[in-house]
């Protein structure tokens with residue numbers, strides 16, 4: 001069976017280059033938003049924002065530390081080897097582990113054997129960490145920003161772009177496991193970005209509309225929805241982490257991601273699971289928009305919108321979600337690789353421990369993304 005090669009092409013380089021300024025922009029806008037809340041004495045919003053930032057950081061650092069422990073602290077780049085395991089633990093405790101080890105380590109020294117393969121495989125872990133951080137921070141944060149959209153338009157746009165771009169980067173990372181890279185060209189990534197942006201924008205807008213009239217109930221809505229989604233993640237029998245506690249943490253994280261967007265976590269055909277999920281999401285969005293219209297007509301908040309305009313707004317949110325579903329169908333019909341049995345076997349059998357010692361370095365990092373790629377292309 002032919003083994004897929006792990007090489008950067010020009011588009012992967014472009015995605016990597018664009019990702020850094022977007023990350024810096026997101027950090028700058030986070031600081032500006034926090035300062036704005038403080039100056040306006042909006043301490044509740046400030047507290048919620050800090051909660052999102054700290055919670056997402058703790059979650060991603062926990063995953064990074066668990067993955068190092070699963071790998072028996074085997075680090076193959078010069079930068080990663082600098083701290084001892086004890087120092088590495090302290091870096092993660094102080095929320096610096098990912099930046100000092102994984103981000104800097106992903107730019108491997110070109111003089112090291114198989115440096116490009118090591119850099120690509122480290123980037124695979126980083127793409128998964130970005131997904132977790134995106135849905136633990138940017139998605140909830142964007143919901144908060146849309147609730148007070150007149151004051152935070154710039155941050156809302158930045159968060160929306162960061163979410164869709166993180167999902168697309170993850171999509172490009174999975175492409176490494178395809179033997180024939182041409183089966184997933186840049187056009188497929190563009191379509192993938194668009195339909196994710198449309199679906200996520202509609203979902204978050206519905207949540208923001210609901211939170212604008214019933215701010216206290218949005219937390220109850222999240223907890224109830226998360227419990228349902230967490231149950232289905234458990235029923236999916238995921239096998240992503242290497243310890244029982246880690247697997248339960250992963251399933252809880254999947255429930256968080258599913259609250260905002262679909263994320264394939266199980267092997268096999270996912271058509272019925274995807275239809276069930278989007279049916280649930282579409283129903284939920286309709287209910288959220290209906291409650292918002294009802295509150296705007298019976299007990300409007302500080303701002304008033306004519307009932308007709310409120311109804312038009314709610315219908316537009318639902319229609320946009322349906323449009324996103326249509327784009328998603330077009331993607332899977334025309335752009336998503338349909339692997340034959342031989343190609344699927346090549347994804348299944350990418351066990352790098354049978355390769356040379358240099359390639360074996362990158363294999364241990366890639367096994368998590370191999371599982372996700374197997375799910376994504378099955």
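Even glycines carry a Cβ here, placed using N, Cα and C.
Nobody curates TrEMBL annotations by hand; they come from automatic prediction.
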Given ranges 42-68, 69-95, the stretch to which TrEMBL attaches the annotation transmembrane segment: 42-68
TrEMBL tags one of 125-147, 148-170, 240-262 as transmembrane segment - which one? 148-170
Any chance you could find the range in 190-211, 217-234, 275-297 with the most Cβ pairs under 8 Å to the transmembrane segment (309-331)? 190-211
Cβ under 8 Å to the transmembrane segment (190-211), counting only same-chain residues 6 or more beyond its ends: which ones? 139, 142-147, 149, 160, 163-165, 167-168, 171, 217-218, 221, 260-262, 281, 284-285, 288-289, 291-292, 313-314, 317-318, 320-321, 323-325, 327-328, 330-331, 335
